[in-house]
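Visitor: Quick one: the structure is below, questions incoming.
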């Protein structure tokens, strides 16, 4: 089914994003974050994030409509993040989308936030990184963010199966907790990646083993935080050595798990689809590109939560 003008709304966590697509191309994306507010708490406070979304949603929508040179009655379909996410935050987009859909007499379609991330490399904003033919099924979908770290079997847009996921902390969450302990500004992932030096990436031993038996990062996180607490005020503490050793350990472990999935699948996967906030990490991207499978990665502006990915995934479902 074809819809000329599609509105997208994303509000699953601390970002509020509005996007508009015309004729299957994203023409505007407006994303606003409340991360500066949450920085005082070292993490996202759901009630504060939801209130922030409510306060700026109308203004952000008007900005998007103005940039797209549209009036609101030109919208043919509304897409919004339905799950997963923070319930208070999800509620904002759901109520707004369904109310607006009722008033305009147009459909409102809820979209899975994680599947939006999986297909985010394929977002077409007039300067698409890849051709649709670059995505060959079956694909391996990878989501790595502050809330989720998971690996999926992607047979088609509507046939996605979870293969493996962390038992506890997502990688992005560990980055933020480590960054907070080091006094880095929230969210800390980008700063840690910026400080990363491969020549100093094996100088700190957080654990007595270089392998984790389970797909779990809570124990490793505790070990890193314990090391920081004991050493950060020492005169010989080296920040670059600490963050480089941390990043190499956790990304290498994740890459090994991806390799295990690929090997067990007997090389059936033709493409890797990478999405989520941590997908912008330079070391993760470089390691994935070393694999013998074509890896599709999103533009940095689409690696975090955004409404363009919600529209994009909805379009893939509609075009099946």
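From the backbone N, Cα and C atoms, a Cβ is placed for every residue, glycine too.
In case it's useful when we look at the structure, here is the feature table from Swiss-Prot:
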{"type": "BINDING", "residues": "113, 117, 305", "note": "Fe cation binding site"}
{"type": "BINDING", "residues": "143, 144, 145, 146, 147, 176, 189, 193, 281", "note": "substrate binding site"}
Visitor: So which other residues, same chain and not among 113, 117, 305, have a Cβ within 8 Å of the centroid of the Cβ atoms at the Fe cation site?
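Guide: After dropping the recorded site residues, what remains is 10, 12, 81, 85, 114, 116, 120, 143, 145, 275, 276, 306, 309, 310.
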Visitor: In terms of DSSP three-state secondary structure, what is the assignment for residue 147 (substrate binding site)?
Guide: coil
Visitor: Could you state the whole-number distance in Å separating the C-alpha atoms of residue 143 (substrate binding site) and residue 117 (Fe cation binding site)?
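Guide: Pair distance, Cα basis, whole Å: 7 Å.
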Visitor: Tell me which of the binding-site residues 147, 189 sits in the most Cβ-dense spot, judged by other Cβ atoms within 10 Å.
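Guide: The residue with the most neighbouring Cβ atoms within 10 Å is 189.
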Visitor: Which binding-site residues (147, 189, 281) fall within 10 Å of residue 305 (Fe cation binding site) by Cα distance?
Guide: none
Visitor: C-alpha of residue 189 (substrate binding site) to C-alpha of residue 117 (Fe cation binding site): distance in Å?
Guide: 18
Visitor: Between residue 145 (substrate binding site) and residue 117 (Fe cation binding site), what is the CA-CA distance rounded to a whole number of Å?
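Guide: Cα-Cα, rounded: 9 Å.
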Visitor: Quick one: Cα separation, residue 117 (Fe cation binding site) versus residue 147 (substrate binding site), in Å?
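Guide: With the alpha carbons as reference points, the distance is 12 Å.
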